[in-house]
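Accompanying notes for the structure given below.
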Amino acid sequence: MRRLLALAGATLLIAAAGSIITRAMFESMLSHRGDQGCQGAFYTYDAFIKAAGDFPRFGTTGNDETRRRELAAFFGQTSHETTGGWATAPDGPFAWGYCRVNEITPSDPPYYGRGPIQLTHKYNYQLAGDALGLDLVNNPDLVSSDPVVAFRTAIWFWMTAQSPKPSCHDVITNQWTPSGDDRSSGRLPGYGMATNIINGGEECGKGYSTDNAKDRVGYYKRYCDMFRVGYGDNIACRDQKPYGGG
């Protein structure tokens with residue numbers, strides 16, 4: 001009975017995610033990922049759907065508007081992390097998400113950025129591996145050789161709070177209530193808060209939007225437009241203090 005219920009839940013999740021991001025939509029969103037100079041043919045629709053099935057609340061929380069906005073936010077952030085776009089790129093700079101699999105300049109070998117979220121540093125490989133039942137510390141290349149694992153690590157990061165930071169999922173789906181300190185630091189629900197969680201130390205609280213932060217917003221707006229959903233409030237993080245340590 002439990003197995004049947006689990007299978008039924010996974011089927012409903014696939015239906016929910018797939019109803020917003022169909023195969024045709026996925027290909028339209030990421031149409032240049034397999035172009036010359038990109039490695040993104042690695043990222044497949046089937047791998048995304050299979051990985052999403054392991055996270056019952058991903059893309060299924062809240063009303064239709066909230067679900068669409070979460071998926072736009074997830075792909076906005078991960079497209080920036082893997083971008084191959086440039087200002088005069090064909091179809092615009094925000095049509096080139098998921099071009100990269102590995103970090104261009106490895107920052108912390110062997111635990112450099114891999115996959116949609118560019119999972120970086122040994123502690124993140126350890127945490128992700130423990131959560132997913134994989135030995136990513138001894139085999140970090142699983143994230144860049146198995147597309148399902150790649151998407152699973154990205155969705156794991158998205159769904160998981162790392163105190164004092166909330167999860168991106170809770171922020172985007174209105175499940176997070178800012179503390180007094182958060183409010184005094186300008187950290188409020190919205191897409192900008194997701195940027196703060198992912199790379200706030202480099203991109204947030206400067207009083208202006210960095211080029212990277214602008215890129216994240218550009219991708220997000222493109223996907224919101226494709227999903228026919230509004231952007232919501234607080235999409236930039238220029239006035240948000242980052243958490244200690246970035």
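In case you wondered, yes, glycine gets a Cβ from its N, Cα and C as well.
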According to TrEMBL, the disulfide-paired cysteine of Cys99 among Cys38, Cys168: Cys38
Whichever of Cys168, Cys237 is disulfide-bonded to Cys204 when TrEMBL is consulted: Cys237
Secondary structure tally of the domain 'Glycoside hydrolase family 19 catalytic' (149-159) (DSSP, helix then strand then coil): 11 helix, 0 strand, 0 coil
Per-residue Cβ crowding (10 Å cut-off), top of disulfide-bonded residues Cys38, Cys204, Cys237: Cys237
Cβ neighbours of Glu81 (active site, proton donor) where a neighbour is any other Cβ within 10 Å: 25
Number of Cβ atoms other than its own within 10 Å, given for Cys99 (disulfide bond): 22
